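Per Swiss-Prot, the features are as follows:
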ACT_SITE  13  active site, proton acceptor
ACT_SITE  41  active site, proton donor
BINDING   12-18, 40-42, 304, 330-332, 412-414  GTP binding site
BINDING   13, 40  Mg(2+) binding site
BINDING   13, 14, 15, 16, 38, 39, 40, 41, 128, 142, 223, 238, 302  IMP binding site
BINDING   298, 299, 300, 301, 302, 303, 304  substrate binding site
């Protein structure tokens, strides 16, 4: 049995899609365990770029099973569109499996997401407005509609009617807007359910059988540890658990079956949306990193906020996710910057803090303590091993590994999968 979990160690957008795609080559099953179509990943396959939001990136390999786990929230309309997009490009989806226990995002979730964000005004979270939060709210309130319900015409009709009664009262009395009629949603979404029915099963059985048979299973996290609802910068977080522990709940696989946890980080830090960001840059260097690194959201197109690498953040991610391997991406983006900085700790009211604080009030007053390192000017995009890196680039990479306490297993010097280099196998 060999299982690997891929998690983001920062605020998402660390390049997990590319690393998952790279590791998928040696995996037999690839599964997502949380989130929904709020997560976007770009995959380059046969020289062509694909953008996926729901379906695991292993779908491009005909011999691999791809799983949408029970911990995900699925927008059936978005899923059917993504399936069509893949079919139009000649990509088979026969090996897709969708959990019958995953929850469904419906039009009222999308509407609520947008209205609630507007209502918050200056206190908005920076949601992608994909209905993720409201769908997880219904799940926690035990009124959610699951995939298994969507496939049963009578059950779906009854649950939808009950939910619309409550949601329409909310729309009309609280937000002062028109609600939905049953017929606005029912037939369209029931039909989406029928279109995906052939993929639906108990995915926990699929995954556990694969592990028991000794197959290599790769679990693909979305977002990042700092967006985890428990361990992230709450409330500026997602509504699920991207941490590695989320696999046990969101995929139905016991904790004893997780062997390796790969933490993916950029050689700098980015964040989309609102919330604290201690090492954020508001200068020419920040603008340069954003442009060279093409730091714009896959899902939203929004420019990402950019900052120096923060080892306090990644150490926190290591601890709460049990990270065993570091995958460091986008090292090439820093080429040409004369002096690089790594945050090693925070200073709060004269005191040095080495662990990430829970209080956003404290965090807002924290000043990053930086270690400066010399940059490099050499082109590193063709580098294939640590030994080939210029001395300063290698020192920078190794210093990040030292400061975070995570052994380096993979490093990347460009967006293409051929620019991804293995230092040690994560399947060992």
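Note that Cβ sites are derived from N, Cα and C of the backbone, with glycine treated the same way.
A map of Swiss-Prot features onto the structure.
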{"residue": "12", "record": "GTP binding site", "DSSP (3 states)": "coil"}
{"residue": "42", "record": "GTP binding site", "DSSP (3 states)": "strand"}
{"residue": "223", "record": "IMP binding site", "DSSP (3 states)": "coil"}
{"residue": "300", "record": "substrate binding site", "DSSP (3 states)": "coil"}
{"residue": "331", "record": "GTP binding site", "DSSP (3 states)": "helix"}
{"residue": "413", "record": "GTP binding site", "DSSP (3 states)": "coil"}
Those recorded positions, out of 12, 41, 128, 223, that come within 10 angstroms of residue 300 (substrate binding site) at the Cα: 128
Proximal residue to residue 413 (GTP binding site) among recorded positions 38, 40, 41, 303 (C-alpha distance): 41
Candidates 38, 41, 302 (recorded positions) - the one closest to residue 18 (GTP binding site) by CA: 41
Tertiary neighbours of residue 302 (IMP binding site) (same chain, Cβ under 8 Å, six or more apart): 272, 273, 296
Rounded to the nearest Å - Cα separation of residue 41 (active site, proton donor) and residue 12 (GTP binding site): 10
Entries of 38, 128, 301, 303 which, being binding-site residues, have CA atoms within 10 angstroms of the residue listed as 'active site, proton acceptor': none
Nearest of the binding-site residues (12, 40, 303) to residue 223 (IMP binding site) - Cα to Cα: 12
Long-range Cβ environment of residue 331 (GTP binding site), under 8 Å and at least 6 residues apart: 267, 380, 393, 396, 397, 411, 412, 413
Integer Å distance between the CA atoms belonging to residue 304 (substrate binding site) and residue 12 (GTP binding site): 10
Per DSSP, three-state class assigned to residue 18 (GTP binding site): helix
